[in-house]
Amino acid sequence: MLPAQLRRFTAARVGLGRVGDAQPTGVWLDFQEAHAAARDAVWSALDPAALGFSAPVVRSEARDRREYLLRPDLGRRLRAEDAALLPRSGGVVVVVADGLCAAGVQAQAASLLQAFSAPWPVVVALQARVALGDAIGAATGAEAVVVLIGERPGLSAQDSVGLYLTWAPRPGRTDAERNCISNIRPGGLSHAEAATKLHWLLREARALGATGIALKDEMPAGALPPPDPAV
Amino acid sequence: MAFRHAIRGTTHVFPDLRTLLARASPFRSGDALAGIAAASAEERVAAQRALADLPLRRILAEPVIPPEEDDVSRLILEDHDAAAFAPVAVLTVGGFRDWLLAAAPAELAAIRRGISPEMAAAVSKIMRNADLVSVAAKCRVETRLHNTLGTEGTLSVRLQPNHPTDDPRGIAAAILDGLLLGAGDACIGINPATDNVESVLRLLDLLEEVRTRFSIPTQGCVLSHVSTTLIAMERGAPVDLVFQSIGGTQRTNESFGISLALLEEAQEAALALGRGTVGSNVMYFETGQGSALSAEAHGGVDQQTVEARAYAVARRFDPLLVNSVVGFIGPEYLFDGKQILRAGLEDHFCGKLLGLPMGVDICHTNHAEADADDMDALLLCLGLAGVNYVMGVPGADDVMLAYQSTSFHDALTARRLLDRRPAPEFAAWLERAGIGEGARIPGALSPALLGLS
């Protein structure tokens with residue numbers, strides 16, 4: 001077997017060959033191309049007008065991408081003047097957020113929302129961290145908030161979306177009080193699977209009155225729970 | 001008592017030692033995020049001047065976090081060796097810098113246990129990158145388990161064969177690829193995708209099979225949480241090395257779900273297995289600037305000083321391997337290549353000065369302002385500084401953790417440019433196994449032996 005044949009077994013960059021001790025030109029430029037895509041994805045902006053649905057658009061206190069990257073605390077706070085744009089909702093509210101990579105959210109948000117098949121109000125949030133959902137959830141009076149957010153891009157995937165579910169959202173909630181469904185993308189977790197898992201978690205959260213480490217993900221594999229009349 | 005220094009008529013006042021250390025720290029985004037960085041270049045150099053005049057003794061007498069509320073502060077005081085400190089006890093921080101740059105290697109080795117992490121951090125803040133390299137290059141730290149790491153003229157590599165779903169064949173393929181490129185003497189260390197016990201047990205068995213089938217003089221490690229590794233040992237799994245991420249304050253360690261007692265229990269359990277063939281260093285720790293701030297557990301101490309305190313924790317457990325994962329945490333702590341370079345050299349220097357077998361995961365994420373050029377610069381500087389080991393990741397791209405580190409090729413390049421060899425037992429094995437330029441897989445390393453066909 002030649003080292004290059006090891007590539008059959010993993011997506012890792014194995015069997016690259018050698019020129020002296022370095023990587024040959026072709027595989028080095030493959031790496032550069034993947035890194036370029038990931039870099040551009042970090043600086044990609046969410047275009048609310050092109051999402052394919054209409055929803056109020058709010059911003060965090062981070063004014064631009066650089067400030068967003070340097071000041072995660074500002075990305076968790078709602079810009080004061082935007083509170084008036086929020087809907088009132090006693091149920092679940094969904095926040096569609098750019099996060100660390102807007103590209104996947106731009107491409108997948110509409111289809112993913114459709115997969116939820118629930119009449120939840122939606123808010124689009126820019127320069128947003130996950131915890132911005134706490135401020136939005138509290139301001140809307142929601143019992144739970146679902147933050148649909150772009151995940152940190154890697155070299156192999158720049159279109160991954162995560163869902164964070166927080167029961168009784170309010171500023172000051174920690175990440176230990178949320179449940180996360182990650183790696184939603186073509187080739188990763190499908191929209192139908194993500195929606196099923198979200199509804200399962202939501203029903204457990206409602207029964208428990210909490211999300212996070214108290215709510216263990218013990219959804220049986222392949223189980224499709226019946227529709228929940230409460231949603 | 002406050003510290004002060006005047007520059008051109010302006011007196012800069014620093015109310016306590018932790019503030020002085022924070023203001024004297026070369027700029028990085030994490031200290032700005034914490035609100036403790038110097039407000040101007042002048043304030044920073046005033047703090048550095050005041051720090052240079054500070055007697056080292058004063059650092060021992062004024063803990064940056066009160067020992068009553070922090071077990072790492074207590075550990076630092078308990079482990080301080082006054083006799084080892086004696087040769088430098090009369091020096092100021094500035095005098096200590098001069099002493100370090102002029103000292104012979106044996107003098108540096110003699111004071112290790114007398115140096116507190118805050119002393120190491122303090123002096124690093126008034127040192128240039130080249131100073132950090134020069135002094136670290138005089139510090140040799142050797143450790144042993146299944147081979148000998150850190151000897152003069154060696155540069156070792158942790159082979160990091162991660163896979164997004166812990167697929168055994170995918171991991172085996174990456175291990176084989178790394179071995180063919182001379183990596184794996186520091187350890188073959190897998191970051192598992194999940195901390196699920198069954199999955200960790202499977203990976204431990206895989207590593208044991210690779211080591212024994214190919215008779216490789218190295219150690220395997222699955223980098224699961226220490227509590228998971230304890231369970232694996234109870235179930236009789238072949239655990240060479242106990243891994244854990246650690247931090248420089250009690251609350252940071254609590255955020256990692258660990259205590260000093262838990263680390264001690266794990267070390268005792270691993271020693272009781274008696275697996276070491278040439279030594280008994282059974283612990284592996286990872287650290288990184290910013291973890292304490294990220295856990296909101298920094299207590300107003302700057303991120304580099306907190307990082308050095310984590311090395312005092314590591315030192316208590318006689319580790320085989322310790323490395324900072326310097327660029328992993330993200331741009332809110334280390335924004336760009338310049339900050340990552342500086343932090344990597346500081347971490348290596350402080351660890352070596354305290355007597356740790358220091359390696360570095362030279363790395364960055366995609367949202368930091370850094371690229372492969374920055375990694376090359378840090379790799380070559382650390383190679384000159386005598387770093388014990390670096391990471392070997394296929395093509396520098398970790399497909400599980402989604403960040404970029406150094407590749408097997410990078411490590412080969414550094415070894416050649418700096419005239420460094422692998423650990424002696426491993427170098428002999430590479431020769432026996434017929435591993436050379438890597439164009440073909442030698443018969444002794446048949447992929448079929450690992451289920452790859």
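Placement of Cβ uses the backbone N, Cα and C atoms for every residue, glycine included.
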Same substrate site per TrEMBL - residue from B:Asp98, B:Asp347, B:Asp361 joining B:Arg158, B:Leu159, B:Gln160, B:Asn191, B:Glu286: B:Asp361
Most distant Cα pair in Å, residues B:Arg158, B:Leu159, B:Gln160, B:Asn191, B:Glu286, B:Asp361 binding substrate: 15
For B:Leu159 (substrate binding site): DSSP state (helix, strand, coil): strand
Candidates B:Arg158, B:Leu159, B:Asn191, B:Glu286, B:Asp361 (binding-site residues) with Cα within 10 Å of B:Met400 (adenosylcob(III)alamin binding site): B:Asn191
Spatially closest candidate among B:Arg158, B:Gln160, B:Asn191, B:Glu286, B:Asp361, the listed binding-site residues, to B:Gln244 (adenosylcob(III)alamin binding site) (Cα to Cα): B:Glu286
Cβ-Cβ neighbours of B:Ser294 (adenosylcob(III)alamin binding site) (radius 10 Å): 20
Winner by Cβ contact number (other Cβ atoms within 10 Å) across the binding-site residues B:Leu159, B:Met400: B:Leu159
Greatest inter-residue Cα distance in Å for the adenosylcob(III)alamin-binding set B:Pro192, B:Gln244, B:Ser294, B:Met400: 22
